[in-house]
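What follows is a short report on a single structure.
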């Protein structure tokens, strides 16, 4: 290949290239010559389905390139290679293409070429499917029109604006849609997932700009049909009536509604009924339901004898009697004459319905028994096949009839007798059913069996009582007459109803009146069986307040019964009713038992008549009874209130219905207002009020004063007498002779305060033991040598700390007021004796009061806290009156200490026993110090005494038990001091 | 409340005036028809809400040609009678097409649509009695000469809706025209404006 290798020959390459291209071109030309160019391309468009059918003559080629363009904008819509076989009949190739947009939206250009591998033929001539946007069609348009699509589908619409106008927008339900321009005038939009439309469809609107013109399209979105429950039956035993359920709403109506065909026969349709009638019973049926969105089939099979549903009976009639009627009807179809039928007859009267069932072949009449005379009835009949029951037929139209009249029922008769031998025979008015026709009147006959005399009177139909006066029958020898009542209507007379009336009324007020309690069902009454009762009992009732010609009601009870529940529409709340039980026998009715009761108890409507009066220093409230009609319940008692301003305070609840008075005690003089309210089980009434001015009751006061004076005088006399008899003792007790002091040596007596120094060997010392009662205090003579020992042993014993030990007596003024303790050595009266000889005795007058006590000075006991101040208080209060000499209080200070847990009355304190000499009185004592040691109480009276009472332990113990009061203590001391 | 007032108004219009003249009754009837036509359009707009803010620009469906430039009142009544017959034809057509398209219904719109048809027939009988002479016999049957081309041109359910809208407006117009024309006749014949 010199051309190749030689680059020095520049003309070689173009030549080679030329031949190469020529060869290729020749080969290509040869191939094209082999592939047929499609010819006679024709287009067939189905606008509703948006389908374009393209056919052409394409020779032997089986593969073609199809190109579809929007003509105006030359935009490719479809360009694909498809395999299409030739139709052997027509010799043409055909291919279908479905457009997204409606084919009217814009013009489409279609061209085709054959392909064989990579080799293709020339393109065919372009075929144009003209759209509606051609200038020649200048209208404002929208496509597709009246499209029917299933729920959830997507639909593309296009709007072609009017020539010369500007496109505005496309809207659905006021929503502006996104659009795409297809051509100069055509715009498209797609609505996605469409919802079921209303009856008149969904509007898609297109506006120009500005919004001057409107066009649009309606799309109907719905469902394909889905019927169910196909069923066929026969009424005439020949034809078939098939019905079905329409199923879900297709949302398609009018010309787009569902059409039904049964066994390929179109079913005429009405708005409401879904049924189809076939002239003959086929046994197998196929229902086809179809609408623009699809179709659905149902099948059904059945034998005729199993699907018989008779027609409603026609021309219903009746033959009536008094107590029964015959109902007749006719059948529309003669085929029923051999059909075994079962029929229901529904009988209605006065709002009540009863159903009777009859059966028979070709049944056309039935007898209805147990009817009431002169009664209106309505009857309806329906039937079904007796064998192979399928369904009841329709009810016939109601037929009305009225039974014939009959003689009336005997009235229910009773009587009411007043206390003056007048009364009335009464009977219950006959109901319409009992009358059995129009009542024309009542015939009342009074008949004396003994005298065989009778007297008859006629009464109008609206009468329910005949007056009777027993004085007319006074000459009759019998003790009763018989009253007979007969009701009459056009058919005749009723059976007689009678009651026996006693001619001699015995004024017997029974018996015990029991209470009848109303329940939901009435008043249940019970009684013991009366052996004399041969024809049962009569229970009558009336308002308890009625006394004369009362509107009485009654009920008759069979002899075997001993109870009844009385109920009446006339029962009123708050009204008391008397219930009386009479036994029925051959003699006049005899009262057996009586009850009283309220249907419902209410609070009394009236109040008692209340009055108030002063009785001594008390207030007596009295009241009367509430009238019966105002009680409105059983009075259970009364509440007595006192009025405090606007409020009432309960004073007493008198739960006794017979209470008629109440005494108010303990009130001082003044004005008072009292209210008394009676109460029933429903509550209390408004109350009656009475006022009273309570004045001072002077008689009793005077009596009290006189009694007090008398007792005081008697007491004084007794005291005087005792004092007179015991004058010596009094003298010794209160004014004893002062003994001469016995002093060693010759002591000159000096005037002034006594200052005695005891003998060195005759020292007097107060011996105190904490556990002792004050009654055990004693003065003992202590030898001087013992003194030291004792003083050392005791330490801070609360003995007189003066040196030498001295003995001091203090008179105390004692009262019941709290005691202010004092230190024993604070006595100033004894201070002067401290300097005396070894024995110092100071006598101080002791004043007694109503109560006295003994103070035992016990520093040790004090320090141990055994005698808190409360004890002192207790001793001050509880200590008995009497003489209390030379006692030292245990209290060391004025401090108020907590109360001791020990008993309030300490025996040591409470006891008034012990040393009790030399009493003196001083009334000038400060009350606040009356319980303390008051050394300066009045003028001291120096009393020398050697008669110290030192009771032994037994005596002391006994006193501890017995002398709990200070008075007793004082008396004991008093007696002790009088011992010689 | 609005419905009650409307009902009272209808009742008042329906109430026979004691001793009205033939022309007076015709005027009252035309006014009642106008009221019912207005109500019918209102009910239709409630069904097709997109029509609430749309005014059709198609012009009158019906047009009358007068023989003279200044026709007498009797001539105007004759023309009115002719127009009312066409209106009756239109409402008949609307009823038929709507029932075909949507099915038979018993709503307020359908009831009022039936009322308008009956009232229009009644008014046609009245105008016939007023305008008919021995020389000229008038028909009261519907005249269908105008509706076919219009409905066919509109096309589809949307076209039916738009056409129905135009028909209802046309009825209002001619009912009002009838009330005015008959009132003029009433004044001429009775010499008073009182109905």
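Along the chain as shown, the residues are counted starting at 1.
Note: Cβ is positioned from N, Cα and C throughout, glycine not excepted.
A TrEMBL annotation is a machine prediction, not a hand-curated record.
Marked as compositional bias 'Acidic residues' by TrEMBL: A:785-803. The compositional bias 'Basic and acidic residues' annotation in TrEMBL covers A:813-823. If you look up TrEMBL, you'll see A:825-836 marked as compositional bias 'Low complexity'. The domain 'Fibronectin type-III' annotation in TrEMBL covers A:312-406, A:407-509, A:604-701. The region 'Disordered' feature in TrEMBL is assigned to A:785-837, A:857-921. Summarising the annotation, TrEMBL assigns signal peptide to A:1-31. Under the heading transmembrane segment, TrEMBL lists A:700-724.
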Long-range Cβ neighbours of the transmembrane segment (A:700-724) (under 8 Å; 6 or more residues past either end): 616-617, 730
PLDDT averaged over the residues of the domain 'Fibronectin type-III' (A:604-701): 89
Structural state census, the domain 'Fibronectin type-III' (A:604-701) (DSSP three-state): 8 helix, 52 strand, 38 coil
Three-state composition of the domain 'Fibronectin type-III' (A:407-509), taking helix and strand from DSSP: 8 helix, 51 strand, 44 coil
Structural state census, the domain 'Fibronectin type-III' (A:312-406) (DSSP three-state): 5 helix, 51 strand, 39 coil
